[in-house]
Amino acid sequence: MAEFGESALISLIFISAFQIFIPLIFYKAMPETILRLAQTTQYFQFFLIILAFSTLIYSYVVTDLGIFNVAMNTHHEAPLLYKITGVWGNHEGSMLLWLCILIFYGSAVASVSSCPFSLKIKVLSVQGLLSCAFTLFVFYTSNPFLKAPVFLSSGRDLNPILQDPALAFHPPTLYLGFVGFSIVYSFALASLLEKKPDFQWVQWVRPWALMAWSFLSLGITMGSWWAYYELGWGGWWFWDPVENASLMPWLVGTALIHALAVAQKRHLLVRWSYFLCILSFLLSLIGTFLVRSGSLSSVHTFASDPARGTFLLVILAGSFLLSMSILAVRFKKISIYKKLTPLISRENGILFNNHFLLTLAFTVLLGTLYPLLIEAITGESITVGAPYFKATFVPLALPLLGLMGLSLWMTWGKGGTLQKISPHLWFPLVMTLGAGIGLLLFYHHHNWHSILMTAAGVWILVSTLGAFIQKRSQNPFSMLLAHGGLAIAILGMGIDTLGTQEKLVALRQGESIEFQGYKIELQSVQRHKFPNYEAERATISLKKKGRTSILFPEKRFYRAHQTLTTETALHHFWFSNLYFALGPLLTGDRWTLRVYYHPLVELIWLGGILLATGGFLGLIPRQIFRRKMRKKGLSLILFLFLGRVFPAEAVEIGERLLNPVLEQRARILSSEIKCPVCAGQSIEDSQAPLARKLRRSIRESLLENKTDEEIRQKLIHLYGENVLFKPVFDFKNSLLWILPFLIGLGSVGLTLWRFYRKK
């Protein structure tokens with residue numbers, strides 16, 4: 001079977017190369033004939049990639065151990081679901097899926113896009129160039145059809161962490177977003193190569209941009225949910241380099257769909273839209289490079305082959321040089337309309353929105369790549385983690401969130417004044433202020449980041465509901481749904497961060513505890529044997545007000561991988577979670593049990609689903625989007641609550657300090673320290689022996705009345721500055737801390753200066 005797949009890839013290289021040049025060379029002589037030829041070539045590419053992908057799926061289903069990729073990622077006793085999803089649970093198979101989606105998008109443009117012949121020819125040629133480059137990459141560095149050097153009697157099996165139903169949906173959905181920006185990139189280059197680039201191309205590219213952004217929103221939401229219950233130590237967002245790789249194109253894509261709206265309605269920001277189209281895809285390529293090259297340490301990375309990283313870097317550099325050269329040469333040829341609009345207008349609101357979004361994207365990019373830059377220049381190693389991003393990203397995001405609620409009341413064009421929109425702002429402002437004061441009074445610890453973010457979520461949500469109730473014509477339902485979804489997600493993030501509670505106990509079978517008004521009893525722990533793993537499954541009963549629920553957390557041992565995992569159980573109530581993780585067996589037949597309460601955490605994923613649904617509904621023309629369709633669209637969110645919960649943190653009973661103040665300091669310090677032997681985990685979350693040793697060392701130092709800074713300096717002396725997730729502020733790291741705020745202030749100041757100069 002491997003021969004079929006390899007033959008399809010080889011044919012694909014030549015067919016995609018043919019599509020790059022032949023249509024462009026002969027288009028003027030025979031436009032309609034050449035367009036049909038380009039479309040046929042694109043369809044043939046799609047046939048070949050489906051043949052290759054189907055061949056690999058069949059090889060996994062029948063467990064063809066003669067193929068090295070199959071032998072290393074499946075097992076003859078694996079369930080059928082994990083045999084199929086195992087196809088993209090590894091680097092080679094996932095890149096073949098990446099290529100399949102890339103060619104699918106090209107075929108979709110060839111069949112459904114109504115853009116002019118000349119533009120479509122150029123779009124398909126650029127897609128052919130990308131298809132050729134990535135087919136070469138797959139064939140020469142990531143071939144999934146290579147023969148196994150030694151025949152294995154049974155496969156190695158899929159990574160236990162990936163043996164989850166979410167694997168069937170998350171990677172394909174995320175790739176539909178990532179790769180979808182290739183069409184946006186191709187349309188931008190194709191339009192720039194037209195005789196006279198203008199704003200007309202916006203009407204054809206905007207649906208593709210919105211589709212890619214919606215899929216990426218859904219993919220990020222699903223990934224957050226999956227990491228939440230499967231990885232455990234990452235929570236719902238850990239600022240991992242590969243998580244950041246999906247966030248960057250999402251932020252730029254968000255700026256893009258707003259800029260395209262201005263370009264389509266007001267013929268403004270046209271040049272800016274070209275730049276964002278190119279940047280969104282380039283950031284998708286950077287994300288692919290980070291995942292595939294192994295340049296940064298991450299639990300998500302697939303591979304660390306230098307040859308693959310070099311090849312992807314060449315593709316990234318080529319795409320950057322090609323697109324930026326064309327944009328620079330054709331920049332002055334782009335037709336634009338110079339219109340002066342009042343400062344309080346939707347156009348300018350979106351312009352400031354774009355500046356903040358790009359500043360946030362740059363902050364994430366800088367924090368993600370800065371360790372590589374410092375290591376290349378100085379040879380020293382540093383780590384940039386969640387504490388840094390909380391200190392920079394959140395303050396920079398607050399003005400953007402404030403502008404979101406304000407812009408709903410702004411109008412297109414002239415006539416917008418602060419006096420006209422101020423009557424609509426009093427109620428959202430009062431609600432926001434009340435929410436902020438209430439949070440300060442309710443939660444005794446002053447987590448300013450979370451309180452301000454939660455208040456911002458209230459501001460956006462109340463403003464969105466007000467705009468919906470008043471049925472303002474310039475606010476489509478799809479846009480209000482997306483804005484409301486983001487507000488709901490922000491509320492979930494803030495409340496969960498502020499209100500999470502935990503309890504760690506050791507129980508014998510039959511013993512019970514009280515937590516959050518529930519009586520929790522460990523009824524039994526039994527051993528079970530399954531085809532590819534063994535499990536110790538606990539039976540836990542929850543009782544409250546006469547109602548009883550039964551949950552089954554367990555620990556699994558996968559024989560093929562010799563790996564132990566924790567599968568936890570979840571109880572849902574009012575968008576909140578009570579979840580359980582079974583720990584090790586202690587002396588005296590006592591089982592460790594971790595119980596966590598996460599208030600309103602499910603609002604994060606409900607908001608993400610609403611956000612993506614708003615994007616998809618925006619693809620429907622407004623003239624056919626009737627009130628009945630609105631109600632049907634809302635039903636799409638009901639599939640949210642289907643998941644299980646996530647593993648808990650690693651701190652054991654014997655490690656904890658009796659003094660709650662010292663224990664809280666120890667927890668905060670441990671979350672700031674990177675585990676020296678783990679892939680991006682903090683010592684607070686890691687179960688590695690060295691992490692446990694460092695946690696004990698921190699608590700011993702606190703008992704000796706050492707300050708937090710003294711403890712940090714001791715760890716830096718032992719392991720280097722790389723051990724801190726939050727780099728120290730010194731000359732070497734000054735750009736890391738100062739540059740995001742300088743760019744944010746500079747971009748806003750420059751926009752205001754240009755506005756008043758024109759005025």
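Just so you know, glycine gets a Cβ as well, placed from its N, Cα and C.
In TrEMBL, annotation is done automatically, which means it is predicted and not curated.
TrEMBL lists 88-293 with the feature domain 'Cytochrome c assembly protein'. Annotation source TrEMBL lists domain 'Cytochrome c-type biogenesis protein CcmF C-terminal' at 311-620. Taken from TrEMBL, the feature domain 'CcmH/CycL/Ccl2/NrfF N-terminal' covers 643-758. Residues or ranges marked as transmembrane segment in TrEMBL: 12-30, 95-112, 124-142, 174-193, 205-227, 350-373, 393-413, 425-444, 476-495, 603-621, 633-651, 735-756 (among others).
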Confidence summary for the domain 'CcmH/CycL/Ccl2/NrfF N-terminal' (643-758), mean pLDDT rounded: 78
The transmembrane segment (174-193) in contact with the transmembrane segment (95-112), cutoff 8 A, at least 3 CB pairs, sep 6+: yes
Helix, strand and coil totals (DSSP H, G, I; E, B; other) for the domain 'CcmH/CycL/Ccl2/NrfF N-terminal' (643-758): 71 helix, 4 strand, 41 coil
Distant-in-sequence neighbours of the transmembrane segment (735-756), which means Cβ under 8 A and at least six residues beyond its ends: 343, 348, 351-352, 355-356, 358-359, 362-363, 366-367, 370, 384, 388, 392, 395-396, 399, 727, 729
Long-range Cβ neighbours of the transmembrane segment (95-112) (under 8 Å; 6 or more residues past either end): 38-39, 42-43, 45-46, 49-50, 52-53, 56, 87-88, 120, 123-124, 127-128, 130-131, 134-135, 137-138, 142, 144, 171-172, 175-176, 178-180, 182-183, 186, 208, 288, 292
